[in-house]
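Pulled from TrEMBL, these are the features on record:
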DOMAIN    A:6-136  domain 'DUF1468'
TRANSMEM  A:38-56  transmembrane segment
TRANSMEM  A:68-86  transmembrane segment
TRANSMEM  A:92-108  transmembrane segment
TRANSMEM  A:115-140  transmembrane segment
């Protein structure tokens, strides 16, 4: 109930913001009967309407995970974001081993298999991508190999 | 005979050693993808697209590889349904109903062989159906103008949202999210930026591959972390595999009927393989009556949904290739592949690139035989692969997704967006909001807006032009019915609950 009401409210607010943003679209001298604004405004209107419907007629609540599981998900999110930033400057091998190991640990909390998973995935995928599929991956940070 | 000359052309493309090799690799990968719970056909195909793209395969090869993966995944989904009582992919859900009881009675091998043969019958007949129906439909779509296309896109959203979800409003919200994201970037008509907020990365719009991989593959990681990898129960053991000839012959008509029902369900835009297997199972159950013991391990209850599922998978390629409108989540991903390869589906595809279309069809025919060989005699190999634990599989899927998207653009921004889509996908799944309409919206949004604007240019701003031809009126009516009718049918179409131990 409450989940859907919040979801509906968020959808409606985002949709209204979307419409407001659509009215600011710059038009150019090339114009057509519909223009650049109509379709986005239409989408926003449908979404806002459906958001209100969901708010008024919510489904039963899903079972949300407890705080510990939510924390694990948040941690995984941080790991993935850090991995996204690290991939270019740090090369493939080290960030992949760390990120894969941490994710494995989040799914099954045993340190040794998780570390082995990280190492194995990092090396194995590097070999497959680099040599079997010919993708241009960099193994280590640039400075290390001179 | 037009079809025969076209087929000859197709086989001349498909029987080159390289294409043949790709088909075999695709079948193998596909069966693994389908068999592993947590890696279904849509996310499996999704994470492979960026990689095939960066490998620089030409259009025909890439299509052959990915459709072989698609067919293979539909075959593979049944393996974990039968052995673990966990559907490897969504359409295989119905196979658990009779497959798992059969396995518990010690007939796992029989169930795997029967369902493998049923998969072959379904997929083979559907490929023939595709061959006959697609050129006909392509001929009709020559008459489609902008208003008809706009109505067709509406139909796709309405039936997909109506049939494949539990709540119409949530499906519509999902479609709007996708359409809204598609608007980001430069306006096709005027060339002015929209919703970029001055961010250079958003000028080109949001790459649909980033959204697909995020929503389908990355969100799965969050789902598994939440469930703590609980679904790793090792089910029943597989003993010696023999061919139960009598059961296969006895369920011959079941397979044929299931294939027909599945194919029709697959051709309907928005319905897809899940509906195909559901309808095939329910109609066989109704024909057999209560005494037949459906749900307690009847071989026909394994044959029907698998024939329906695979026939629907082939049927879903018909609207995707001829109209550019996908019928399911996985065909939406295949449409994304076509768009990445710069192939525009539709009638012109059949006229201008017969080698691509017929090469694809011929490869699918070959792939079916390869899959039959892999899924009946070699099924034990795939059973072994099922034992890969989730704490290795899911980080692996994540890393493959990252490398794929990273090698497309080399920008960390796309990776961050992908992670964002992953989190969004997880939250929406918790709230029972379908994510496939988002993909459809991102894929079709610009075409949909363009067809609306072109129609209005042609009619000089008269909105009634959208409803001016019989074809478009028919499509609009179908769209409204497809969206509204499931609300009333839902009490009758309740899915049977999966059996628990």
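A Cβ is built for glycine as well, from the same backbone N, Cα and C atoms used for every other residue.
All TrEMBL annotations are machine predictions without curation.
Distant neighbours of the transmembrane segment (A:92-108): 72, 75-76, 79-80, 82-83, 86, 114-115, 117-119, 121-123, 125-126, 137-140; these residues of the same chain sit at least 6 beyond its ends, with a Cβ under 8 Å from one of its Cβ atoms. When pLDDT is averaged over the domain 'DUF1468' (A:6-136), the result is 86. Taken through DSSP, the domain 'DUF1468' (A:6-136) splits into 97 helix, 0 strand, 34 coil.
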